[in-house]
Structures are given as structure tokens and as C-alpha cells.
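Worksheet: one structure, shown below.
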Amino acid sequence: MAGLFITFEGPDGAGKSTQVKKLADWLSASGIACRVTREPGGTPLADKIRQMLLDPANEAMVPKTEALLYAASRAQHVAEVIRPALQNGQVVICDRYTDASIAYQAVGLGLSPDMIRRWSEEATDGLWPDRTFLLDLPAELGMARIRERGGPDRIEGRGIEYHQRVRDTFLALAEREPERFIVLDSRQTIDELAERIRQEMKRLIGK
């Protein structure tokens, strides 16, 4: 089987990490080689950038610096992890990717979406996902979930208006590319969401 690139996107608190793990477990049990990774991060160097990006002490970071750091992290991540795994025929499952930069750094912080897209294209040599699962959730509910799990990082701690813009942008991206995005209501139970994702994956991999 050729490599397959799957990403999970959505507002903070939507449950992406849980669904990434459940999908990886199902693929492994089905005998399909997969590689789970995340952004920002995914490599030792990219994880150092992640620490800078999420540290609440770095409140002085300006939007363009933040966006460039995400692009730098992504360049290393694609070169070191994602592209080699795809070339080896693995299913790569990534928790966030370029769409998150458009939602969080472009619209969320007032930067140009075209600029963010251009930087990401350069950083990844034009690598885009084969399918993106967008776990949608109202911003208020997402923030409540984050508070329950122990408090926000630097990005999560921004105001509700910011997170609403992020959610709206994700939905607009999905409307723009319906052939790539699968939009799922994250208010469903964990098992209901996992089953919907498995059904779509079965269509993709022919199982």
C-alpha cells in the first residue's frame, strides 16, 4: 500500500489526541503500519521549538515570529519524519498540520492567510494531507474541557473571541476543500467518533 497522510484538526479541547490514538490502535490491530506524530514537534529539534511556542512566559512573542517558528518546526518535521514514513508506505497520522497555522496564526492573529500558506508550502515542499478529520466543537465547550484537564498553555489561554475565530476558520477551510476534509461533531461520544473515523479510513484503504 502506498503511504497515506492523515491529519486531525479542530479547536482546542475537541479530543484530537484521543482519536489519533484510537485510530493508530485500530490500524495496528489491522496489520497496517502507521506512524503517529504531532505539531508543533515530532522531532527533537521541533520539540524544542514547541516548548518556546507553548510556554506562557513567552507572551512577548509577536504573531509573525510565532508563525515563522511553526513553519520552521514543520520543515524539520516533514523532512525527518513525515516524508520518510510516507515513502516507506506507512499511514502517517498527524495531530495538527498546516491548516492549524492558517486558523491559529493567520486569521486568529491577523496575519495574511496567503502568507501562512506560502510559508507552509515552502517548508513542506508542497506536502498536503490526503485526508483531514476536523473535529468541530463550540469554542466555549472547548475552553471548558481545557480548564477541566488542568489549565491552558500559551495558545489555549487566549480569549474566547480568538478561539471562535479559529473555529470559524477551520469550518471555512473545510467548506473550501470538501474532498479533503471530513467534519465530525466532537460532542459525540469518543466511541461514536472513533467509529465514524474508522468507516472513512476503510474507504480510503480499501478494507
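From the backbone N, Cα and C atoms, a Cβ is placed for every residue, glycine too.
Since we're looking at a predicted model, the values are computed, not measured.
Listed features, source TrEMBL:
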BINDING   Gly10, Pro11, Asp12, Gly13, Ala14, Gly15, Lys16, Ser17  ATP binding site
DOMAIN    8-197  domain 'Thymidylate kinase-like'
- Message: Let me check the 10 A CB neighbour count of Ser17 (ATP binding site). How many other CB atoms are there?
- Response: 13
- Task: State the three-class DSSP label for Ser17 (ATP binding site), counting H, G and I as helix, E and B as strand, and everything else as coil.
- Result: helix
- Using all protein chains in view, find how many other C-beta atoms are within 10 Å of the C-beta of Gly13 (ATP binding site). 24
- Query: What are the non-local neighbours of Pro11 (ATP binding site), defined as same-chain residues 6+ apart in sequence with CB under 8 A from its CB?
  - Reply: Asp136, Leu137, Ala139, Gly142, His163, Val166, Arg167, Phe170
- Can you tell which of Gly10, Gly15 has the most other C-beta atoms within 10 Å, given these are the binding-site residues? Gly10
- Average pLDDT across the domain 'Thymidylate kinase-like' (8-197)? 90
- Note on the structure: Lys16 (ATP binding site), Cβ-centred 10 Å count of other Cβ atoms over all protein chains shown, is 22
- Note on the structure: Least Cβ-packed of the binding-site residues Asp12, Ala14 (other Cβ atoms within 10 Å) is Asp12
